[in-house]
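**Q** As annotated in Swiss-Prot:
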BINDING   H2  Ni(2+) binding site
BINDING   C72, C75, C88, C91  Zn(2+) binding site
Amino acid sequence: MHEFSLCQSVISIAKKAAENNSKKVSKIVVKIGNLAGVDIESFEFWFPVAAKDSVLEQAKLEIIHEQAIAKCKACEHEFELTRLYEQCPNCGSFEKDILKGKDMLVESIVFN
């Protein structure tokens with residue numbers, strides 16, 4: 001059910017943009033990192049439910065999957081993450097900065 005509230009947030013952003021353009025939304029692109037904690041299948045399921053009777057009701061949802069990338073604090077090696085508590089494959093350290101892949105954001109909105 002967490003994904004439904006995320007859909008509502010995305011729709012709220014698009015509604016505000018649509019009000020400024022006085023148009024309906026034909027497509028919305030959302031980038032979701034693999035560490036964002038979003039179940040993409042659930043998000044895709046809930047999107048049309050949340051968009052019903054809004055300027056996004058007919059909008060196509062496009063999701064861009066973003067692979068998480070981290071940089072090791074010990075050896076500065078950059079590597080892909082599939083889960084949060086992964087150690088550096090170069091030196092074995094667990095200390096890292098996550099460079100990308102932990103966020104969810106509206107990448108673009110296309111109006112009719």
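The backbone N, Cα and C atoms fix where each Cβ goes, glycine too.
Model, not experiment: these values are computed from the prediction.
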**Q** Counting across all protein chains present, how many other Cβ atoms fall within 10 Å of the Cβ of C72 (Zn(2+) binding site)?
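**A** Excluding its own Cβ, the number within 10 Å is 20.
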**Q** Calculate the distance in Å between the alpha carbons (Cα) of H2 (Ni(2+) binding site) and C72 (Zn(2+) binding site), and round it to a whole number.
**A** 31
**Q** When the number of other CB atoms within 10 A of each residue's CB is tallied over all shown chains, which of the binding-site residues C75, C88, C91 has the maximum?
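**A** In terms of Cβ crowding, the pick is C88.
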**Q** So which other residues, same chain and not among C72, C75, C88, C91, have a Cβ within 8 Å of the centroid of the Cβ atoms at the Zn(2+) site?
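**A** Output for this site, in sequence order: K73, A74, E76, H77, P89, N90, G92, S93, K96.
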